[in-house]
Amino acid sequence: MLRVRCLRGGSRGAEAAHYIGSRLRGAFTGWVQRTFQSTQAAAASQNTCAAVDKAASPVPKGCLVCSYNEWDPLEEVIVGRAENACVPPFSVEVKANTYEKYWGFYQKFGGQGFPKDHLKKAIAEIEEMCNILKGEGVIVKRPDPIDWSVKYKTPDFESTGMYAAMPRDILLVVGNEIIEAPMAWRARFFEYRAYRRLIKDYFNSGAKWTTAPKPTMADELYDQNYPIHSVEDRHKLAAQGKFVTTEFEPCFDAADFIRAGRDIFVQRSQVTNYMGIEWMRRHLAPDYRVHIISFKDPNPMHIDATFNIIGPGLVLSNPDRPCHQIELFKKAGWTVIQPPVPLIPDDHPLWMSSKWLSMNVLMLDEKRVMVDANETSIQKMFEKLGISTIRVNIRHANSLGGGFHCWTCDIRRRGTLQSYFD
């Protein structure tokens with residue numbers, strides 16, 4: 001079997017392993033420590049990798065689902081919906097993932113719809129995005145509209161819903177398999193319901209369909225006293241490997257994983273814990289290798305506005321959130337590009353994200369990228385790389401927490417399974 005090759009940088013891996021190990025039983029501590037082992041012995045796994053190449057399962061004929069990376073020619077995609085989107089209740093996990101200047105917004109509007117005029121503009125932007133994708137020859141599918149304001153209750157908590165705007169957060173396609181993420185926000189517990197009609201259709205076409213273990217989202221999953229009062233607090237906690245989610249049970253958002261053929265990269269974040277990562281590692285082995293990477297990020301949540309792989313051995317790396325293991329990518333022959341500073345105005349509301357959605361782009365293939373029409377600096381960067389830009393304005397849609405990559409989940413890309421990180 002292939003091992004996880006954790007890409008360790010400095011003391012971060014050791015700190016995280018110590019932190020998790022101190023909180024879990026001895027039997028569980030072992031795999032955490034092994035997850036953070038050095039990758040110096042990775043070369044020894046190349047023969048194993050070659051054997052796996054020969055043993056890879058073929059995609060069934062007629063299957064509509066097949067995607068191995070973020071850049072092969074895009075043929076079919078799910079695009080999210082902003083309809084009926086609701087502000088999540090201001091619970092501890094929401095507080096830990098949002099910035100202080102918006103806390104009053106959540107306290108006032110939690111459980112209610114987002115501002116109507118803003119939402120109307122976001123819906124129109126995404127409709128135009130869908131039309132442009134269709135014009136580029138891509139088949140577009142949409143989740144079902146749902147009333148997210150309905151209150152629900154489980155034995156462990158009660159909440160209202162949020163939206164089905166970001167399929168990247170909840171669905172991960174690996175080869176011909178669709179994996180439903182368990183999620184970590186209580187407001188997103190039932191989000192999968194909006195996608196079930198589509199997933200059943202894909203399953204009937206021959207796709208594999210896996211639902212990761214659903215967490216109870218009981219109080220024990222969250223550090224109820226997570227001490228955040230400022231950005232400085234966030235930096236300190238992140239450097240110590242402390243997050244609002246505990247290791248009580250597995251949880252992860254699909255958007256904390258990013259694919260490059262046989263190698264899948266993931267970060268421990270506010271919504272993805274080590275148990276969730278370990279579940280994915282075991283589930284995907286031996287055909288795929290899961291690597292944990294980390295960043296100087298005060299609020300890690302979803303990897304694709306921090307580290308976005310846009311081609312074979314080509315990655316956008318956020319200069320404000322440097323990757324602790326970036327030298328290993330360079331030694332592997334990857335080209336690392338720092339995108340320019342975003343141009344989005346300071347007064348534009350970003351209730352759930354940062355300005356770095358400018359780098360949250362969607363590759364239609366290696367030479368075409370969907371990028372924000374307002375972000376002229378990154379457009380020029382792509383043009384210098386020989387990549388043509390398809391410009392779409394989704395500024396109001398950005399306010400709901402995502403860019404083009406977040407708003408989509410690529411279902412089928414025309415390509416084959418390859419290794420890019422041996």
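Glycine is treated like the rest: Cβ placed from N, Cα and C.
TrEMBL annotations: computationally assigned, not manually curated.
Listed in TrEMBL for this protein:
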ACT_SITE  Asp253  active site
ACT_SITE  His302  active site
ACT_SITE  Cys406  active site, amidino-cysteine intermediate
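The Cβ of Asp253 (active site) has 25 other Cβ atoms within 10 Å, all protein chains considered. Within 10 Å of the C-beta of Cys406 (active site, amidino-cysteine intermediate) there are 26 other C-beta atoms, taking all protein chains into account.
The Cβ of His302 (active site) has 28 neighbouring Cβ atoms from other residues within 10 Å, across all protein chains displayed. The two recorded residues, Cys406 (active site, amidino-cysteine intermediate) and His302 (active site), have Cα atoms 9 Å apart. For the pair Asp253 (active site) and His302 (active site), the C-alpha distance works out to 7 angstrom.
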